[in-house]
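Chemist: So Swiss-Prot says this about it:
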- GLY37, GLY89, THR90, THR91: ATP binding site (BINDING)
- GLY37, GLY89, THR90, THR91, SER92, SER158, LYS159, GLY412, GLU505: ADP binding site (BINDING)
- ASP88: Mg(2+) binding site (BINDING)
- 536-549: compositional bias 'Basic and acidic residues' (COMPBIAS)
- MET1: N-acetylmethionine (MOD_RES)
- SER6: phosphoserine (MOD_RES)
- TYR181: phosphotyrosine (MOD_RES)
- LYS199: N6-acetyllysine (MOD_RES)
- LYS400: N6-acetyllysine (MOD_RES)
- LYS494: N6-acetyllysine (MOD_RES)
- SER551: phosphoserine (MOD_RES)
- 536-556: region 'Disordered' (REGION)
Amino acid sequence: MEGPLSVFGDRSTGEAIRSQNVMAAASIANIVKSSLGPVGLDKMLVDDIGDVTITNDGATILKLLEVEHPAAKVLCELADLQDKEVGDGTTSVVIIAAELLKNADELVKQKIHPTSVISGYRLACKEAVRYISENLIINTDELGRDCLINAAKTSMSSKVIGINGDFFANLVVDAVLAIKYTDIRGQPRYPVNSINVLKAHGRSQMESMLINGYALNCVVGSQGMPKRIVNAKIACLDFSLQKTKMKLGVQVVITDPEKLDQIRQRESDITKERIQKILATGANVILTTGGIDDMCLKYFVEAGAMAVRRVLKRDLKRIAKASGATVLSTLANLEGEETFEASMLGQAEEVVQERICDDELILIKNTKARTSASVILRGANDFMCDEMERSLHDALCVVKRVLESKSVVPGGGAVEAALSIYLENYATSMGSREQLAIAEFARSLPVIPNTLAVNAAQDSTDLVAKLRAFHNEAQVNPERKNLKWIGLDLVNGKPRDNKQAGVFEPTIVKVKSLKFATEAAITILRIDDLIKLHPESKDDKHGGYEDAVHSGALDA
């Protein structure tokens, strides 16, 4: 018989670790729970150097938390994944995952094997997604532009810009429609990254504006340069245009003093030749991420070109994509010679420096390859502008998803209530042991309407009971099928037809959040053993394994 292997750390197994994981997930969900819905509250997060962030965006809250527990980290990554994949629904996905875990833990405590629970959850998720696609989808073609505006307003309702929802919803829809392009397969695409969001504090929210073109928070390099260029040919450079200096450590021994002047002259000429090569191709707008010194600016002024220095690399890449330019980090080709060709230039109808709000901006209008748009946000202070930007990002992603999938579902807890009733009935039709797991899955979903009602200071028990009664009637009685659009009206505290009220969410937000939440719950549920290794102290001369050998723990 072998002796036990000495593990240099702590080990917890079975029910203890499962309960610990469920508790960790519940505590993460409790942090974001109160920020769900149109009347959700904000969180103030202060980091270790004192920077303050005020937000109610689930993904941002969880990103800024320093979470130690490994199971809690899974939920933080889950919110981040939902934010990257869909852009909205980050808070609800965490709440659903935590609730699924809590109910699964109850089943495991009743001696039902985790594998049965997992297969039941998978089946329930699959069935829920099928039910959404067959019964709850509203096609956007029949609703038109209003549908996009309503989806954007629903996304913004819980945010700081929700008060001016009508204004911002129109702005967001116009911005997304402005950047539409068709890919190789003929599918319309809406790259949200093509929309540049600039923030300027001061004035009111309502003075935010949408600009047709890419706005750069830069000015021309010299006052002598033209402020407007029509039929612009744009060169995008990722290096500095400055007098070439020899590298440190290079030693040149000169016997003739005149040679020193020649070296200095050559240093100037190298940069001059580069600029002449760029200008010879017809370039009249030069954007660079580095600096441009006065000597180089002189050549651009003489040529009547516009040069802009210290452009952000992110902006340069987007402009290159929109105008069809190539971003160059050097002019050297494979032979080691410096060349610049006209094919590397991007094209735009007009590049102009304008005074917008209180700042000078450079606008690149009607780019050749793709269209671009910019939004300038105004707000009382920096915290507000940052939160407005996050809210706008969510709304842009929602409108993009609606346009690409061409379908929406009713919001306000309608989908969760309908699925809860359907899955309860579906569970009773199952003869296998997954029945209990599907019933628990169904019991977990009303946590969303429940939390919405609690956050709105309404009687959640009463409201959710009424909501479930409506949905039960809709599924049992074919004549009253239209009751399936019933969701919560959180202002007046009663159920209402959310299809008529215009409370819409993209179908993909609901489908993905159900799938992601189920997968996260299953991932944590499968864990039955946690081995946490102790950090190896520097004083120890032996590692954990060596300690075990010396202590005789490994002897047979």
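Just so you know, glycine gets a Cβ as well, placed from its N, Cα and C.
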Chemist: Which one is closest to GLY89 (ATP binding site) in space, judged by CA to CA distance, out of the recorded positions LYS159, LYS199, GLU505?
Modeler: GLU505
Chemist: Need the DSSP three-state call for LYS400 (N6-acetyllysine) to compare against my parser.
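Modeler: For LYS400 (N6-acetyllysine) - judged by DSSP and reduced to three states - the answer is helix.
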Chemist: List which of the recorded positions GLY37, TYR181, LYS199, LYS400, LYS494 have their Cα within 10 Å of the Cα of SER92 (ADP binding site), in sequence order.
Modeler: GLY37
Chemist: Just counting, how many other CB atoms are there within 10 A of the CB of TYR181 (phosphotyrosine)?
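Modeler: The Cβ of TYR181 (phosphotyrosine) has 13 Cβ neighbours within 10 Å.
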Chemist: Quick check for the class: what is the C-alpha distance, in angstrom and rounded, between LYS159 (ADP binding site) and LYS400 (N6-acetyllysine)?
Modeler: 19
Chemist: Check each residue in the chain of LYS400 (N6-acetyllysine) that is at least six apart in sequence and keep those whose C-beta is under 8 Å from its C-beta; list them in sequence order.
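Modeler: Residues satisfying the criterion: GLY87, VAL176, TYR190, VAL192.
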Chemist: Could you check which of the recorded positions THR90, TYR181, LYS494 is the closest Cα neighbour of GLU505 (ADP binding site)?
Modeler: THR90
Chemist: Between THR91 (ATP binding site) and LYS494 (N6-acetyllysine), how many Å separate their Cα atoms?
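Modeler: Between the alpha carbons of THR91 (ATP binding site) and LYS494 (N6-acetyllysine) there are 23 Å.
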Chemist: From the binding-site residues GLY37, ASP88, THR90, pick the residue whose C-alpha lies nearest to the C-alpha of LYS494 (N6-acetyllysine).
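Modeler: In terms of Cα distance, LYS494 (N6-acetyllysine) lies closest to GLY37.
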Chemist: Same-chain residues six or more away whose CB lies under 8 A from the CB of LYS199 (N6-acetyllysine)?
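Modeler: Same-chain residues close to LYS199 (N6-acetyllysine) (Cβ under 8 Å, separated by 6 or more) are ILE376, LEU377, GLY379, ASP382, CYS385, ASP386, MET388, GLU389.
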Chemist: From the Cα of THR90 (ATP binding site) across to the Cα of TYR181 (phosphotyrosine), what is the distance in angstrom?
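Modeler: Approximately 28 Å lies between the Cα of TYR181 (phosphotyrosine) and that of THR90 (ATP binding site).
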